[in-house]
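J.: TrEMBL lists these features:
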DOMAIN    1-130  domain 'Nodulin-like'
TRANSMEM  12-34  transmembrane segment
TRANSMEM  46-67  transmembrane segment
TRANSMEM  79-99  transmembrane segment
TRANSMEM  111-130  transmembrane segment
TRANSMEM  192-210  transmembrane segment
DOMAIN    205-397  domain 'NFD4 C-terminal'
TRANSMEM  222-241  transmembrane segment
TRANSMEM  262-280  transmembrane segment
TRANSMEM  286-308  transmembrane segment
TRANSMEM  372-391  transmembrane segment
Amino acid sequence: MVTSVGNFPDQRGIILGLLKGFVGLGGAILTQINLAIHGNQNSMDLLLLLSWLPSIVCFLCFLPIRTIKARKHPQELKVFYHLLYVSIAIAVFLLFLTITQRNIAFSQAGYAGGVAVIGVLICLPLLIAIKEELFLFKLGKQTMNPSVVVSIPREQLKEISKISLPSVSNVCKEPQRGEDFSILQALLSKDMALIFIATVSACGSSVAAIDNLGQIAESLEYPNHSISILVSWISIFNFFGRVFSGFISETLMTKYKLPRPFMFGLTQVFTCTGLLSIAFPYINSVYVASLIIGFGLGAQTPLIFAIISDLFGLKHYSTLLNCGQLAVPLGSYIMNVEVIGRFYDAEATKIGNVKNGKGLTCTGTHCFSESFMILAAVTLFGAMASFVLAYRTRDFYKGDVYKKYRDDMEVKHSNVELYSSDDKNNEHKIKTDDQSK
């Protein structure tokens, strides 16, 4: 993920949305592979598969996945949309497959057929990439025309050297938003504190809600088969939240200069409605909640990573990204143990209902009502922190966030060639096609 953001710094929201979306689909894909190989859902077989298959894939791919310096595609956004369409096709097929398997008994050959279709769909992004690489190769051949030589004045060369080699005095200055922060500078900044508060509050509450969704459905006396459907809904809408927030946030930020933290706050407000659907249940409210919370949490995930890269640069992005992720399990632990767990145990103790080796259980709308009201309030507090961050960074997002990275790519990927001649001034020259007119 870090490598891909480095390769496409001016499309990072889209990149993060796509990759995190595929992460969301990974579990469902591996489950289907396990069914095709073993024909059952035995946990030991699945654990064995998880122990070797992902490791082999990572081993095969760790050399090709690297930071590269290639020419920028003239229709890059269009290519990313093609990848989006493929990912949606995979998600829809997985949803269809899982629902069908719960209603129809599949043979092992049927499972294998489903995996074969998934394999073909997974290969489509690779075929798209190969096609576009061939296009760039042909385009590079057509545009190489060393017919005209244009000189660069000495003053311009000095300006170029100043841009590429910053002075020592600038290194000691406090970096501006968008520049490369050191790890300590980023972690101790007010912006990171607001990101941390929003992530602990909102994402922690969402993860805690998803962790308890099965028990929530049980307390409201939903049938057992409904619980498995809820899990599938969460996964699939989590995927949709991830990919769409990546694409939509990128469009709103680049075209309309809307701060990305503002969109982060909106997703948290949206998640509040799902939490309130559990706090004040109604007919089929858990289905609605699973859809909203799954989509909301999915939308928040790429936004966290994109905001960190926007504000603190890419030099230490890998470390800062993982520091930002630490807030999610921390928030989930607090909300699970200190809020949901305590309130559920208190309500179950009042009833004193013991259920077949499960200990005290609670049945009724009151079991999670108070705890999810608190979760909704905490999530709203996180949204307020996001809106404060959006206000603080509004001037930064009004500018061209990606200008620095586009300028770097233009210098590195252009067909410009500098060389020295034997004339009396020994001036540097440049070859370019644009001047041939």
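Heads up, residue numbers simply count up from 1 along the chain you see.
Yeah, the Cβs are placed from backbone N, Cα and C, and that goes for glycine too.
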J.: Please figure out which one of 79-99, 111-130, 192-210, 222-241, 262-280 racks up the most CB pairs under 8 Å against the transmembrane segment (12-34).
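T.: Answer is 79-99, with the largest number of Cβ pairs below 8 Å.
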J.: By DSSP assignment, list the helix, strand and coil residue numbers for the domain 'Nodulin-like' (1-130), in that order.
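T.: In the domain 'Nodulin-like' (1-130), the DSSP-based counts are 106 helix, 0 strand, 24 coil.
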J.: Take the transmembrane segment (111-130) and find every residue of the same chain, 6 or more past its ends, with a Cβ under 8 Å from one of its Cβ atoms.
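T.: For the transmembrane segment (111-130), the list is 29, 32-33, 35-36, 39, 79, 82-83, 86-87, 89-90, 93-94, 97.
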J.: Which residues of the same chain, at least 6 past either end of the transmembrane segment (222-241), have a Cβ under 8 Å from a Cβ in it?
T.: 21, 24-25, 27-28, 87-88, 91, 94-95, 98-99, 102, 210, 213-214, 267, 286-287, 290-291, 293-301
J.: Would the transmembrane segment (262-280) and the transmembrane segment (79-99) count as touching if the test is at least 3 Cβ pairs under 8 Å, pairs 6 or more apart?
T.: no
